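One structure is given here, and the rest of the page talks about it.
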Amino acid sequence: MRTEVTSAAARVTLAGIGLVALGGALGSLARYGVSALIGETGGWPLGTLSVNLLGALLLGLLVEVLPGGGAGSRARLLLGTGILGGFTTYSLLATQLAEQILAGEAWLAGSYAAATLLGGFVASWAGVLLGGGWRRAQEARGARHVDASAGGGVGSRSDTDGGR
């Protein structure tokens, strides 16, 4: 039995690159807008913290809601790798932490780093839970629809008990 291994480089397409580039541009513009709108409070870069936490939540949601193949893969490239990749920012986080440390604000830098990492984990986990719940609800709705259309007429079990 022969097993073919396809490298990630072999799956890269011009269309995929275009989706990531378009999404990255849109996500970066959104990050800039949100960061400028929210700004900084008491040395805390709340704009950066906000986009990173929101991005983690949305990415967790996205991986549960979108399928991995076909159109789902293209949507993941655009929305996940592109838009959310451009929206969230590790490089700005690292720069802000370095600036805080160099300014003698080690406590601020440590608390900001901890809030970003722990908050990002919690936000991502919440997104996965929300997305999984939504996906299961959609699957159950589809199963009830199939059950009703496969012989469940008026007065049948699927009609009288909501398909349960």
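Quick reminder: no glycine exception, Cβ is built from N, Cα and C everywhere.
Residues or ranges marked as Na(+) binding site by TrEMBL: Gly85, Thr88. Residues or ranges marked as region 'Disordered' by TrEMBL: 145-164. Taken from TrEMBL, the feature transmembrane segment covers 12-32, 44-63, 75-93, 113-134.
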Same-chain residue ranges lying at least 6 outside the transmembrane segment (44-63) that approach it to Cβ under 8 Å: 30-31, 34-38, 76, 79-80, 84, 87-89, 92-93, 96, 108, 112, 115-116, 119-121, 123-131, 134
In three-state DSSP terms, the structure that Thr88 (Na(+) binding site) belongs to: coil
